[in-house]
Amino acid sequence: MEEKSGLFAEASLSLEGSCCLQIRDPPIKAAEGSRRGLVRNLILFSKYILLLLSHNSTEGPSRAGASVAGLSPDTRYVLRLAAFNDVGASPYTTPLHFTTREEAPGGVPRDITVRALRARELQVTWQPPPRETWHGILLGYTIRWWEASEEGKSAIDTASESGASADATSTTLRGLKAATRYGVTVRTYNAAGTGPLSPPHYRHTLESPPTGGPEELSCTSSSSTSLRVSWRPPNPDARGGQITHYTLQYTRRDSDPLQLTQDAHLRVQGEEATVSRLTSYAEYEIRVRAHNAAGDGPLSAPQVCKTDEDVPSAPGGMKLIALSERSLRASWLPPLEPNGRLTHYSLYVKDLSGSQEANVTRVNACTDGESTVECMKPLRGLRAGRTYEAWVRAATAVGEGPPSAVIACQTSALAPARISSFGGVAVGAAGGSLSLRCVVGGVPPPAKRWLRGGSPLHPRTPFHLDGDALLIRNLELSHADNYTCVAENPHGSDSVTWRVYVLRPPIPPGLALLEARSRELELELRPALRAQGHALPKAYTLHWRLSAPEGEWRIQAASPGPVTLTGLRCGSAYRAYGSAGGAPGAEISIRTSGGPPTAPPDTRWIRANATHARFDTSMWSDGGCGPVALKLEWAGSGVAGARDVPVGGEVILGGLTPGSRYRVAARASNEAGWTREVYEFTTTPAEGSYAEEVDAPFPATAGELALLLALCAALSLAALTILAILLRRKRSDGAVARVITSGDKPGCGTYRPPPHPTPKLPPDPPDVYEISPYATFAGGDALAGSGSRAYTLQLRALARHEDDAAPPAHPPCCDGQ
């Protein structure tokens, strides 16, 4: 009869991969005093698995071994072994606890949805994969996205990635293109690797108003009254969607300064248009705006075009006065519509007493700087007492225009006083000068005087007589009035009047921020209200620069309404103001959205074991300003190092010393700035050792320095206070209280160190993370002759096991009392 097999010795385990277990046993002993039985089978209990394993003799005559497959990764198992023969089974070995290794996740996130929030944002939500597919502790998620065309072509090779923490179930993808189709996948990762990609989910971002104006705007003159304009659509990244139409805006630039400019608009479906019914030889400012279903885009950069020349209109006025019995003076105004650059005038003079043709005299165009002014031409060598008539025609390079009105005058030795000059409207700028020319004629020569508002004007500062003209210097708003020149002689009188306007420069417009984006600022240009005494603005400009470091001022043409500044730096401050051709407007401080990277709030992004530390860099936020450069500097256990690491994944630092404290300085930077934070972590101590203090050779942070200074000040104040109290007591009655120590009077409940070294507690299993702290207190009666009470206190951190759930028994204190 066979006896039961003897008890197995402690089995040894070795993990082969994450799902297999190799068992190695020492030699099997039979029960003492009994005959060895034949071991036929081994019974293995692994969690809820019951396996019947045959004896494997390949290990030798006195060893047994087996491989257990089909285990789950990162799962804790309890294993017992027993030998079995024909008689029965041996007792089980002591339970062995083991955990299989981690393995890359085998499942994909569930319930993935992609939703368009704004024109340039997509929100991705998901749920974690089934728990049984984690194969370890999930460290986070990796989200990939790429542009996907409607034809199915995808730029997945150039996909972008971002990370999310393990407890996150959503993220927002920013900085995308509007009205663009994107593909999105989500995958998990743990310490062993990354899981499979989820099936791609596709979604279009919403449309947004175009952020850029049409490009390559050009125009050519197709005639004296029309312009041909063409352009290209905005940059694809700035269209914000499908362009539906364009608006062409054109404004005449050389119009009356006292009149508001009138913008004309033309709706265009294509990318070219002809603008007709314009003024000849006039400058027009052309701008084009693109539109889509979401709204209106900004105006393009202006293009100034000029129509072709044409023949001018008739001169604006004509005068002919007698200077003597043999001379006359003709004067006239330039055409109201020159329609080109005036080259000359043709003055026609005809003696009405004769039958000959009119005498034609060529007169050069009269100019004052860039503008044309009235012209005067004396006519001498005429016959006395004859009547002459005169008219004039203006000419450009194209030809002569229609004639002016015909004026007749008789030469005479007794001619009444007349004024050749023309009155009208005169405009001067505040602080400048203005000249009013009054040329008179008659026989005898007439006397001349000036009136202001109907009252005599005396020549004193700022009014001066300068030959035929009245000169007003240092113009002020109060000088705006009616000025009249009066000429008189015994035979008659004449007068002309000028209406003088004195204008300050246009009031600058105001600026307001409408929306700040990462690399764009949308401002609103608000024209100032019309104010008396100020010129009307004809054109606006926007001036802006980077605040820090201080950049150069840039100028951009603008129109009232929204204006977009592009090509800016993310998370940066700018200064801007508007101008209407005069003084600059009030500066405003504006800032693009985003900022420096945001650091994790605590050390949860760092996980360490005895020799390695794992950094989950996906917990660093880019601050909305794109790529982040991250540099780690570490120090501890007498060593230090630095390393540039990528952001959005996992970085492992090896070669660390067990049971040591380390300090890590992380410096993350992007185009908006940088962030530096210092963290501390401790590697897992080896059995029977303690954590070493941190060795940090790199400088402390400003907060640490401030705390150190405050602590030093507090300690110094406390030391001075104690010293003052001791000196004061010494000067009193001189009595010194006797201090009784525990050595002088031992009592029950006082702590005494044991004469032998205290044994160290065995370390907890590395896979047990739940700590159950408890404390025991034992208190005795009052000490004889003392009002104090002594207690013992024991604190211990225990792993929560079923056989160790209660605190250890404590002997009663002071049994004798």
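Glycine residues also receive a Cβ, built from the backbone N, Cα and C atoms like all the rest.
These figures come from a predicted structure and were not determined experimentally.
What TrEMBL says about this one:
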COMPBIAS  752-763  compositional bias 'Pro residues'
DOMAIN    108-208  domain 'Fibronectin type-III'
DOMAIN    213-310  domain 'Fibronectin type-III'
DOMAIN    314-414  domain 'Fibronectin type-III'
DOMAIN    416-497  domain 'Ig-like'
DOMAIN    505-602  domain 'Fibronectin type-III'
REGION    194-242  region 'Disordered'
REGION    744-763  region 'Disordered'
TRANSMEM  705-727  transmembrane segment
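On the 0 to 100 pLDDT scale, the domain 'Fibronectin type-III' (108-208) averages 87 in the predicted structure. Residues in the domain 'Fibronectin type-III' (213-310) partition by DSSP class (helix H, G, I; strand E, B; coil) as 3 helix, 55 strand, 40 coil.
Sorting each residue of the domain 'Ig-like' (416-497) by its DSSP state yields 3 helix, 44 strand, 35 coil. Across the domain 'Fibronectin type-III' (108-208), DSSP classifies residues as 6 helix, 52 strand, 43 coil. Sorting each residue of the domain 'Fibronectin type-III' (505-602) by its DSSP state yields 0 helix, 43 strand, 55 coil.
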